[in-house]
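Feature annotations, reproduced from Swiss-Prot:
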type: TRANSMEM; residues: 25-45; note: transmembrane segment
type: TRANSMEM; residues: 47-67; note: transmembrane segment
type: TRANSMEM; residues: 94-114; note: transmembrane segment
type: TRANSMEM; residues: 119-139; note: transmembrane segment
type: BINDING; residues: His143, His147, His173, His177; note: Fe cation 1 binding site
type: TRANSMEM; residues: 151-171; note: transmembrane segment
type: BINDING; residues: His178, His317, His320, His321; note: Fe cation 2 binding site
type: TRANSMEM; residues: 241-261; note: transmembrane segment
Amino acid sequence: MSENILTEPPRSDADNEGYVDRKRHLWILSVLWPATPIIGLYLVSQTGWSIWYGLVLILWYGLVPLIDTMLGEDYSNPPESVVPKLEQDRYYKVLTYLTVPIHYAALIISAWWVSTQPIGVFEFLALALSLGIVNGLALNTGHELGHKKETFDRWMAKLVLAVVGYGHFFIEHNKGHHRDVATPMDPATSRMGESIYTFSLREIPGAFKRAWGLEEQRLSRCGKSVWSLDNEVLQPMILTVVLYAALLAFFGPLMLIFLPIQMAFGWWQLTSANYIEHYGLLREKLPNGRYEHQKPHHSWNSNHVMSNLILFHLQRHSDHHAHPTRSYQSLRDFSDLPTLPTGYPGMFFVAFFPSWFRSLMDDRVMEWAHGDINKIQIQPGMREFYEQKFGVKGSESPDTTVAK
């Protein structure tokens, strides 16, 4: 990956103050997306067709990737001269706030439906998985708000993360993943040749362990117990316990099945995102033993239109990692970034099939590394396979140090 990415200005629509965000009103799609399970239930009530229980599944894994293919990519950027104005425009932040009660509404209405309406096993499962997808993407809202410094924003992040029971993301992502990304120390960075299933077994427990350890260290410095209510991992966990206990009390024992299914599939959405966002990428280890500062080319990027519009621009992940506090409406594309072949929903689906995923991504990783296999994070035991596949020879002792 060439270094001119650090010096070339990003592409912009216009270098003047007359810039208009053409997607300004389209961002409402990110707000409406969490309501899709409710829309599906309305369609079931009006038509009697069970297929609508799986509306989110159909849209997420089918229609959205199709629209991404049809619409292609949007490379336009706001000129830097208007970014301060965009960042101060409350409209964009209000949209993120609005998604929070919608996530709660989708959860409560779905819980009410399965406990009061006649529903078969497959319909039950389809609704639980559909809810899991949109509530997994509550993590996306929590991601956007959790990077902000305002107390209100940070509490809104904790509230929305509580919906899917993944409150430790608030600490793990900001203080752990952003520090260690694209290094062997990061459980949320996948290795070339690693399947999503293998990745999940180290990413999910590794994320919680890192978050808890970071909070334990912070509270210790403040002279407080890790079990203090100041623990920002415990805070959203308590919210989840209260929320789920209330749902169980109101809607009965079916919640003991329904809630874990939607929660598990919600967690799977984050695992899928982490899996594709930095697959195989590696920051250079410097002579002093530290890793180079992360740059835009240490994240896979996607400019696909439809999926970005329902994900608050999450797929412009390269600029996000380089500038974590930059809001979604201001995120930029750069020249010469590592690029995913399609948007996140399509890549999430492909990731279910490891051979298919590797066939799409491994050549891209090698191209990113300019054919130098030593610049790639590779799954242990797979190095010889890739040396033979690409006809290259790596060093005898590649850096595979993993934090304990």
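Note that Cβ sites are derived from N, Cα and C of the backbone, with glycine treated the same way.
Where Swiss-Prot records a feature, it is marked here on the structure.
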residue : record                   : contacts (Cβ under 8 Å, 6+ apart)
His143  : Fe cation 1 binding site : Ala157, Phe169, His173, Leu314
His147  : Fe cation 1 binding site : Asn174, Pro324, Thr325
His177  : Fe cation 1 binding site : Asp186, Ala188, Ala207, Asn274
His178  : Fe cation 2 binding site : Gln294, His321, Pro324
His317  : Fe cation 2 binding site : Glu277, Ser299, Trp300, Asn301, Ser302
His320  : Fe cation 2 binding site : Ser299, Leu314, Arg326, Leu331
Cβ-centroid neighbourhood (8 Å) of the Fe cation 1 site, His143, His147, His173, His177 excluded: Gly146, Phe169, Glu172, Asn174, His178, Pro324
Chain-mates of His178, His317, His320, His321 with C-beta within 8 Å of site centroid, Fe cation 2: Val181, Glu277, Gln294, Ser299, Ser318, Asp319, Ala322, Pro324
Interface-richest range of 25-45, 47-67, 241-261 toward the transmembrane segment (94-114), CB pairs under 8 Å: 25-45
His147 (Fe cation 1 binding site) in three-state DSSP notation: coil
All-chain count of other Cβ atoms within 10 Å of His173 (Fe cation 1 binding site): 23
Local Cβ density at His321 (Fe cation 2 binding site) - other Cβ atoms counted within 10 Å: 21
Three-class DSSP secondary structure - His173 (Fe cation 1 binding site): helix
For the transmembrane segment (241-261), distant same-chain residues with Cβ under 8 A (at least six beyond the ends): 107-108, 110-112, 114-116, 124-125, 128-129, 132, 162-163, 165
